Amino acid sequence: MRTPLVVGNWKMNGSRAANRALLESMRKEMEAGVTAEVAVCPPFVYLADMESLLQGSVINWGAQNLSHHEVGAYTGEIAPSMLADLGCRFVIVGHSERRTLYGETDSLVAEKAIVAQKVNIIPIICVGETLQEREQNITEQVVKRQLNAVLELAGVNALEKAVIAYEPIWAIGTGRTATPEQAQEVHALIRSHVAIQNSGIAEELLILYGGSVKGNNAAELLAMPDIDGGLIGGASLDAKEFLTICQAAG
């Protein structure tokens, strides 16, 4: 049985004072009872604070990105081992903002996922289509192509210690949300595509939904059989809203 996972992606938001207030409030709220696994992904500069702020809590933490290089002369980059030093359990790779704003390719995303696993960090591999691609009815081709980059580089066994996040790009930060049925259709597609190579891994694979998830739509989305949690953006910056989503997950 899959344990639901809810991950808060803070993006480029926060300050030391704001983070402390948010996490203190979040910790208190979580004590009310949440059975889903929960994690937050703050900006790099705040990762070192997470251990002290979250010590003794049920909340894990992770990073929003990493280098595909393991060490070396790469100014401004963050090595996987550095994230491991800071206690990261997860790292987001291939978020649509990284793909669209910074030109990250499918192959680069796959490389990042694999180097994360080398230091026992679980990559959250993001896939999803643009509005234009959806209107052209090529969602299936796009998502399979993105998944295949990982499968071809490392094989299906790499997904034993990975999470997939489906984020329809047209629903991120736009206020638009895929209907539960639209989201479920793509989640089922992802699981069935992996199952072609290994049905056991496919059955255990966590597939999160990310795309304007809020407290008022989380229950419907997370009730779908192949949606195992959420990758939450803006709503993760509000403790009560985030708690509502976590409770809806399990």
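Just so you know, glycine gets a Cβ as well, placed from its N, Cα and C.
In sequence order, PRO43, GLN64, GLU97, GLY233 are the residues of the chain that are 6 or more apart from LYS11 (substrate binding site) and have a CB within less than 8 Å of its CB. Classification of LYS11 (substrate binding site) by DSSP places it in coil, neither helical nor stranded. If you look up Swiss-Prot, you'll see ASN9, TRP10, LYS11, GLY173, SER212, GLY233, GLY234 marked as substrate binding site.
Per Swiss-Prot, active site, electrophile is recorded for HIS95, and the stated evidence type is sequence analysis. DSSP assigns HIS95 (active site, electrophile) to coil, not to a helix or a strand.
The local packing around GLU167 (active site, proton acceptor), expressed as other Cβ atoms within 10 Å of its Cβ over all shown chains, amounts to 27. DSSP assigns GLU167 (active site, proton acceptor) to coil, not to a helix or a strand. According to Swiss-Prot, the active site, proton acceptor annotation covers GLU167.
Highest Cβ count within 10 Å among the binding-site residues GLY173, GLY233, GLY234: GLY233.
Taking Cβ-Cβ distances under 8 Å and a sequence separation of 6 or more, the neighbours of TRP10 (substrate binding site) in its chain are VAL40, CYS41, PRO42, PRO43, GLN64, SER236, LEU237. For HIS95 (active site, electrophile), the recorded positions whose C-alpha atoms fall inside a 10 Å radius of its own C-alpha are GLU167, out of GLU167, GLY173, SER212, GLY234.
Listed in chain order, the residues near the substrate site other than ASN9, TRP10, LYS11, GLY173, SER212, GLY233, GLY234 are ILE172, ILE232, ALA235, SER236, LEU237, each with its Cβ within 8 Å of the site Cβ centroid.
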